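Here is the structure we will look at, set down as structure tokens.
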Amino acid sequence: MENSEGVKIESTVVTEEPLISALDIALLVVIITVAYFWYFKRDKQSSSSEKKPYTIQPSSLSSIEQTSNSSFIKKLKSTGRSLVVFYGSQTGTAEEFAGRIAKEGARYKMKGMVADPEECDMADLVEMKEIQKSLAIFCIATYGEGDPTDNAMDFYEWLQNGDADLEGLNYAVFGLGNKTYEHYNEIAIYIDQRLEELGATRVHEIGLGDDDANIEDDFVSWKEKLWESVCSHYGIEETGEESNIRQYKLVDCSEVLPERIFSGEISRLKSYENQRFPFDVKNPYLSKIAVNRELHKSGDRSCMHIEFDIDGSKMRYDTGDHVAVYPKNSSELVDKIGELLNADLDAVFSLLNTDEESSKKHPFPCPCTYRTALTYYLDITSNPRTHIMKELIEYASDPKDQEKLKLMASSTPEGKKEFHEWILRDNRNIVHILEDLPSVKPDLDHLCELLPRLQCRYYSISSSPKVYPKSIHITAVLVNYTTPTNRVNKGVATNLLAQLIPTNDELPQPTIPIYIRRSQFRLPPKSQTPIIMIGPGTGLAPFRGFIQERDYARKEGREIGEMVLYFGCRKKDEDFIYENELQEYVANGTLTKLHLAFSRDQPEKKYVTHLLEQNADELWNIIGEKSGHLYVCGDARSMAKDVHSIIVKVVMEKGQMTNSQALNYVKKMEQQKRYSADVWS
């Protein structure tokens, strides 16, 4: 362009004609126009290709219509449905509950469907009033420190920022939470209240499920009362028909070509052979295991330091993020199911939704073999819920087995007691149930429909990208325990990881699918801000990354604030993980103080909480006088709660505040992200 213009200018000077003729201008306009459209069309196509989302086959409501893939209202109207059940789910439980409610709607002449709010235009809720006797139910989990689940985030923000008129919308909410966390069911409570504020009508009071106790019991009890309220509100009666109707039908896929059969991929066929960025929950990265070493020095327990190679993946992480690991079930348990049911695990099959209008065609990637489904897609190690007991009744040939299942599936006090003792207390999974009730022989395809999806496991990243940009480190305790029935239950992910040992030869290195999940657990923006870290056991993991990052800053010549770490374990000579690293950080000045509690190295047990109480002056100096940050990582049930109580007590005493003032002070710290917790129960 520029050179072409230069030639023309030179020519016009020689011939003493006007610098730019009308023809030149016309040609120039044409050239610029063509170039513009060519460039931006190409750019748009490229951008579209790069950003095209990966679709997971078993996703709910992923494409209702080619022309309008987000209008659940059109779907309801076109199929004569009046019930829609939305779910906000991080682990799959809320989605499972939503499916059970939608299925039961048929008993009340309310044909239902399940919907993912992330894939719907939730503004269409204003049109629900156009459907006679319509009802929207929300099964919503609260995740982390009072956050919405990933798929409910947009809906939550829409409710916060919008002012839609929802008059005429009938709704009910069931929340999934855990009382060991401070923000118990916060998102469900907010949605329930906000819908009412926007004019919607609450058909039934909110249900709050506690996963620390028995969330199944909470859900079933709420659901029974829900339908009573629905009948009263709409003036309808239960048909009395049982809802044990198959949602999926078996399709024989023995003639399907091998290259069209799923072998463990999460969504896209052959995705592990042809990896494509970006990597996320539906498109994980197949990472090589670069390092897998034991951290415990002795004893009968194991703690692994594992490094995932992400070189060349374009994946980026921040200190404090989590990494999701996709596990697989042990071949021993999978083979046992095949043996107990006398089934051919290598038969290729598919489960196809009996509702032809549904966009959720399969419960997991299909077609595949039963072995693949039981290995990669289905949870066979957790405690089955009561609805599975109910579905197994018809497969019991022994009256005693049948009666036992009927009792556990019931909502009577006796039934709940039996379910709690036989399933939850004794920690039975589906394999144990089939072993202990030998007359129960369900069709394997039906069992595959009933079992929940196998979920990825999340680990706090124990490295800093400043120091390790090409790898992700985790710190994981191997989970093995004996149940009351003298069976040994093994953690699905940690036992798999324990087997993935890299070799020094040219053999292919072990791999596992992963992706990075963002976190709010962050270092202060300024490196000079002092911090206190409280992380006993593997709670040390994210703080290892914090210390690495501050050490990196110090070596660059930047000023860093005080870093105080509280770490505890059982015995110094047994499970003091990363001891040499920590001592080196103390020696070079990065780690200002290292407070250690070895609970079993003396007659009286000593924990980090005891040390925290003893160091009240230091604690107040950092969080009170210097406006520092405090971080807690580890057990939510006792440790994190005890730490919170101690913090409030110290603020009261050292800050000379009342209990109410101290609670408000700590609450403000949390709001300002000066008090952060990364905990689990």
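Including glycine, each Cβ sits where the backbone N, Cα and C put it.
Unlike curated records, TrEMBL annotations are generated automatically.
Look at TrEMBL and you will find 89-94, 141-144, 176-185, Asp211 tagged as FMN binding site. Annotated NADP(+) binding site per TrEMBL: Arg301, Thr538, Ser599, Arg600, Lys605, Lys606, Tyr607, Val608, Thr609, Asp642, in sequence order. For Arg457, Tyr458, Tyr459, Ser460, Thr475, Ala476, Val477, Tyr481, Gly491, Val492, Ala493, Thr494, Trp680, the entry in TrEMBL reads FAD binding site. Residues annotated as domain 'Flavodoxin-like' in TrEMBL: 83-227. Residues annotated as domain 'FAD-binding FR-type' in TrEMBL: 282-524. If you look up TrEMBL, you'll see 20-39 marked as transmembrane segment.
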When distances run from the Cα of Ser89 (FMN binding site) to each of the binding-site residues Ala493, Ser599, Lys605, Trp680, the nearest one: Trp680
Cα separation, Lys605 (NADP(+) binding site) to Gly491 (FAD binding site) (Å, whole number): 28
Nearest of the binding-site residues (Asn178, Tyr184, Arg301, Tyr607) to Trp680 (FAD binding site), judged by Cα-Cα distance: Asn178
Other CB atoms, at most 10 A from the CB of Asn178 (FMN binding site): 20
Cα-Cα distance, maximum over Arg301, Thr538, Ser599, Arg600, Lys605, Lys606, Tyr607, Val608, Thr609, Asp642, record's NADP(+) binders, Å: 26
Entry from the binding-site residues list Arg301, Arg457, Lys605 having the most other CB atoms no farther than 10 A: Arg457
Nonlocal residues around Gly144 (FMN binding site), in sequence order (Cβ under 8 Å, 6 or more apart): Ser519, Gln520
Protein Cβ atoms within 10 Å of Thr475 (FAD binding site), excluding its own: 23
Val477 (FAD binding site) as reference: those binding-site residues from Gly92, Arg301, Tyr607, Thr609 with C-alpha within 10 Å of it: Arg301
List of residues, in chain order, with Cβ under 8 A from that of Tyr181 (FMN binding site) and at least 6 apart: Thr142, Glu145, Gly146, Ala636, Val679, Ser681
Sparsest-packed among the binding-site residues, when each Cβ's other Cβ atoms within 10 Å are tallied, from Ala141, Val477, Ala493: Val477
Averaged pLDDT, computed only over the residues in the domain 'FAD-binding FR-type' (282-524): 96
Which of Gly92, Gly491, all binding-site residues, has a Cβ with the fewest other Cβ atoms inside 10 Å: Gly92
Among Gly92, Ala141, Tyr459, Ala493, which are recorded as binding-site residues, the nearest neighbour of Arg301 (NADP(+) binding site) by Cα: Ala493
Neighbourhood of Thr609 (NADP(+) binding site) by C-beta distance under 8 A, where only residues 6 or more apart in the same chain count: Met639, Asp642, Val643, Ile646
Position of peak Cβ density within 10 Å, selected from the binding-site residues Tyr184, Tyr459, Tyr607, Trp680: Tyr459
